[in-house]
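See structure below.
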Amino acid sequence: MTGRHHLFIPGPSALPDDVMRAMDRPTIDHRGPAFQALAHDVQDGLRWIFGCAGPVVTYPASGSGAWEAALVNTLSPGDQVLMYESGQFASLWAEIAGRLSLKAEILPGDWRRGAEAQRIEDRLRADPGHRIRAVCVVHNETSTGCTADIPAIRAALDAAGHPALLMVDTISSLGSIPYRADDWGVDVTVGGSQKGLMLPPGISFNALGPKALEAAKTATLPRSYWAWEPVIRLNADGFFPYTPATNTLFGLRAALAMMRAEGLEAIFARHRRLARATRAAATAWGLELQCAVPSEYSAALTALRVPEGASADRLRQVALASFDLSLGNGLGKLADRVFRIGHLGHLNDLSLISALAGVEMSLGLADIAHQRGGVAAAMGVMAEAQRQGEPA
Ligand code: PLP
């Protein structure tokens, strides 16, 4: 098919030309002065984007590596961790904890809302001996399109007077939805490259607060490649203890420059608008949203349920075959029940309209019961935003 592929999965997201150009260059010596300057630049930018004054450890690994790193650096064999089951990604993180010989206690969820602060507070109050060493939550559950209120969860730990570490997965929220690690009292923030940061998959992050650095001194889970300490020590001079993902870091520098130029508030407003437009389309089509709590709707992606008896995977196949449009699939127990539209990263109104048009046509071609008018509803949201003076 001619023209560009339409990548509308909730990450990896579309790569800006500036990022691709920045990476399309010879690899340099990662022990030389040019690399040092690059490493210092991206470290500054990462602290800015995470909202954290402490170190940000960068791994040449997908997000799952950074999940593991957060646990092995701070905890010891047999430690209890409280994991809130907001969806597939929270469940996968809990599985990793179990495999690492941690006692992962899961607060069960229905996958239709984000982690609830009150339930976390109630559970922590029932732990007067402070056996729970960490609370792990996913900020933006990419399988459901629901977000969690992280400041409320911080307040829940404080209200319970509980010293557990707070660890937050921002893999699909960072750079798309407001996040402030230090202001919100998060001890370890896990991030990834391939979503709001507009980079290819392959690098991931742990942003660290002082309490996490303290915990790392006594934690005894085995760790080598994931150990924070050597990375932090060498990063101070702009180096890494292993070969870093040099060219991706060039891309990161370019992406951070684009984000500084647009401004975080404008980026977040753009994501909110694209999410509103997508939900307006869903409502017009008569499709139910997977996220059942409006205050928790994600600005980065929307998961739409197909009517009983219809196949979300068939819709996705039709969209790909007919329009070269990739939509996100339903994960875990949502397989074939939902499809997900990613509206994060390098995206604007008209690119989203192309995806929504593809969905509307595919709904018809796949014979899925719906009403027309989704694209028109989304255009209405965008036009209204223009009238209100919102930058596109
Ligand atoms: N956490 C969230 C919220 C995710 O969306 C993903 C991937 O989509 C992951 C963790 C796992 O990251 P990766 O697939 O990069 O290992």
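Placement of Cβ uses the backbone N, Cα and C atoms for every residue, glycine included.
As recorded in TrEMBL:
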DOMAIN    69-279  domain 'Aminotransferase class V'
MOD_RES   LYS195  N6-(pyridoxal phosphate)lysine
BINDING   ARG340  substrate binding site
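In this structure, of the recorded positions LYS195, ARG340, the smallest number of CB atoms within 10 A of the CB marks ARG340. Comparing LYS195 (N6-(pyridoxal phosphate)lysine) with ARG340 (substrate binding site), their Cα atoms are 14 Å apart once rounded. Summed and averaged per residue, pLDDT over the domain 'Aminotransferase class V' (69-279) gives 98.
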